[in-house]
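A.B. asks: Have a look at the structure that comes next, please.
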Amino acid sequence: MLTPLPSPVEMKDWDAAAIREYGIREEMLMENASREALHVLLHCCGEIAGKSVLLFMGGGNNGGDAAALARHLHDLHAHVLVLHSRPLRAYRGAAGYHLRLARRTGVSFLPLSTNTQFFPFPRGSRAASLFPAANPQSPDAVIPNDIRNDIINGIPNGMPDIIIDGLLGTGFCGPLAPLYHAAVAWINSRRERCFVLSLDIPSGLDGLSGEPGPVAVRAHATVTFEAAKPGLHMPPAGEFTGALHCRPIGIPKTVRTRLPASHALLDAAGCRAIASMLPLAPDMHKGTAGHVLVIGGSPGMTGAPVLAAQGAQRSGAGYVTVAAPGELLPLIAPMNPDILTCPAGPGKTWEPSPELNAAIQRADALVIGPGMGRGDDARELLARILGLADRPPAIFDADALYHLARTPALCDLLLPDDILTPHPGEMSLLAGKDVHEIQRNRLAAARGYALQYPCVLVLKGAGTLIAQTEEPLVISPFAAPALAVAGSGDVLAGLMGGLSGQGLAPRYAACLAVYLHARAGTLLHETFPMRGNTAQDIATALTIAQKELVSCLQQKT
């Protein structure tokens, strides 16, 4: 249902299975990749004849893709020069095949020196006629490897029209070697005046984490093959990929099915499929549309549960009730006349009550924690709810996460249908790790916690992650500044609760909620380009995000 994102290792397994089990030659896969890259380049740049193209060719299959692409560009009458990072004789297998084929068809190759201060430029070579050197004095002359000094003087202003980045593939894990660091720096110094296309992934990015090592090519476009890799959708990869194009190269569907990817992409197509599972019968009524109970609120924090209730209402839930200490209900009720209220004790602190027990039994989903407070009374109530034998699924947010972190034994009472929604700071408390370590290793943090406990974990932030034991880790590629406002997480928790209460499986409820929430934030940016929106605006914008999905569903039917 969701788009698979194979890790670099899994992508190698796909390639190997296609070659071993189906007899698809690696040379053919590389040829297919180069042709798809050519199509993307033609789409981006138009007519290619007469344009100068400088290709950086690394030592692996990524370099082989570059060599094959160089041949296609040469055939289309572009002026092509390939700078290779390894001695030509060191290229073997499919990469060596395409290198030799490109040379036989007339493509010019020059080596990047292992001495990072120099690029060799053989005198009298075909490359020298197309890209004249800066007055070489002997057949052994070298030109300083500071390409910024116009290494290619045959190009106007020493500038190619197009740069192809085929240095490093998805298997790279930093830091960059000096030669590659210098090449990446030069490519980036030229991107303002020429078009940069990266093959599979911008060189210098980690294919799994998306982290640069410590620099990476800043491409105008990236063409990735067969499936995007997780790192391409992790922040800060978006600063480097430019427009991301995913193109097939011929891996059989049976291979992708039999060897499932460990990550998945949260995209519109997948969320449309999830949204189609929601009940939308003509004869439905409020009693069949889900009942959500929000348990939250404390002195000074009465707005948080109301925002969560608004999120639940926007999900389509038929009933939404807010449970809070009795003295706070007169403050909560006027904020939203559409919600029901329930007292949890008569005063300002949390106490068990018959009304609360009955509300829990009636609810189809709970949202626990928004503005709940961090006192012992809140912790004791949380423990009591967790210990109920037949409680409904719950979304744990905000202060509920604080209590789970401070009393780890409570986590043992979590159910598979529960959802936890920590931001990085709360994740730091839950995992017992520094917040900077969490942010540096978001994938590992989310997956590690999901393996420890059976629930669904939603690690919020740019590139939100949705993790559950034995399920692909879902990556949300969205980052919306409009969501950076107090109460945003309350709306998200309520939205998840509403979707869960309508019968969606917790993982799907989390996925659809994260998507709609992010889309609402993106839409708000059009109205509030300098931000300034509120969490209530996010709740309101959810209706527009939903309309987009419903419109697409209606068009399909």
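Positions of Cβ are set from backbone N, Cα and C atoms, glycine also.
Whatever TrEMBL says is automated annotation, not expert-curated.
Annotated (6S)-NADPHX binding site per TrEMBL: 61-65, 169-175, TYR180, ASP200, ALA304, GLY371, HIS423, ASP490, in sequence order. Positions annotated as K(+) binding site by TrEMBL: ASN62, ASP165, SER203. As annotated by TrEMBL, AMP binding site applies to LYS460, GLY461, ALA462, GLY463, THR464, GLY489. Annotation comment: TrEMBL describes 11-257 as domain 'YjeF N-terminal'. Sequence annotations record features per position, and here TrEMBL assigns domain 'YjeF C-terminal' to 269-549.
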A.B. asks: By a simple count of other Cβ atoms within 10 Å, which of CYS173, ALA462, the binding-site residues in the record, is least packed?
C.D. replies: CYS173
A.B. asks: Give me the CA-CA distance between GLY463 (AMP binding site) and CYS173 ((6S)-NADPHX binding site), in Å, as a whole number.
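C.D. replies: Cα-Cα, rounded: 20 Å.
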A.B. asks: Of all the binding-site residues given, namely GLY64, ASP165, CYS173, TYR180, which is spatially nearest to GLY461 (AMP binding site) at the Cα level?
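C.D. replies: Result: the closest of the binding-site residues to GLY461 (AMP binding site) is CYS173.
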A.B. asks: Is any of the binding-site residues ASN62, SER203, ALA462, GLY489 within 10 Å of TYR180 ((6S)-NADPHX binding site) (Cα-Cα), and if so, which, in sequence order?
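C.D. replies: Near TYR180 ((6S)-NADPHX binding site) by Cα: SER203.
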A.B. asks: Measuring Cα to Cα, how far is ASP165 (K(+) binding site) from GLY64 ((6S)-NADPHX binding site) in Å?
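C.D. replies: For ASP165 (K(+) binding site) versus GLY64 ((6S)-NADPHX binding site), the Cα atoms are 12 Å apart.
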A.B. asks: What count of other C-beta atoms do you get within 10 angstroms of the C-beta of LYS460 (AMP binding site), across all chains shown?
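C.D. replies: There are 22 of them.
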A.B. asks: Using LYS460 (AMP binding site) as the reference point, find which of the binding-site residues ASN62, GLY64, THR170, SER203, GLY371 has the shortest Cα-to-Cα distance to it.
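C.D. replies: Spatially nearest to LYS460 (AMP binding site) by Cα position is GLY371.
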A.B. asks: Round to a whole number and give the Cα-to-Cα distance in Å for the pair ALA462 (AMP binding site) and GLY371 ((6S)-NADPHX binding site).
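C.D. replies: Cα-Cα distance, ALA462 (AMP binding site) to GLY371 ((6S)-NADPHX binding site): 23 Å.
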A.B. asks: Out of GLY64, GLY371, GLY463, GLY489, give me whichever of these binding-site residues has the highest number of other Cβ atoms within 10 Å.
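C.D. replies: The residue with the most neighbouring Cβ atoms within 10 Å is GLY64.
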A.B. asks: Calculate the distance in Å between the alpha carbons (Cα) of ASN62 (K(+) binding site) and GLY489 (AMP binding site), and round it to a whole number.
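C.D. replies: Cα-Cα distance, ASN62 (K(+) binding site) to GLY489 (AMP binding site): 41 Å.
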A.B. asks: Run through SER203, THR464, GLY489 for me and report the binding-site residues whose CA is within 10 Å of the CA of THR170 ((6S)-NADPHX binding site), in sequence order.
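C.D. replies: If one measures from the Cα of THR170 ((6S)-NADPHX binding site), the binding-site residues that come within 10 Å are SER203.
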A.B. asks: If you compare CA-to-CA distances from GLY489 (AMP binding site) to each of the binding-site residues ASN61, GLY64, CYS173, SER203, GLY371, which comes out shortest?
C.D. replies: GLY371
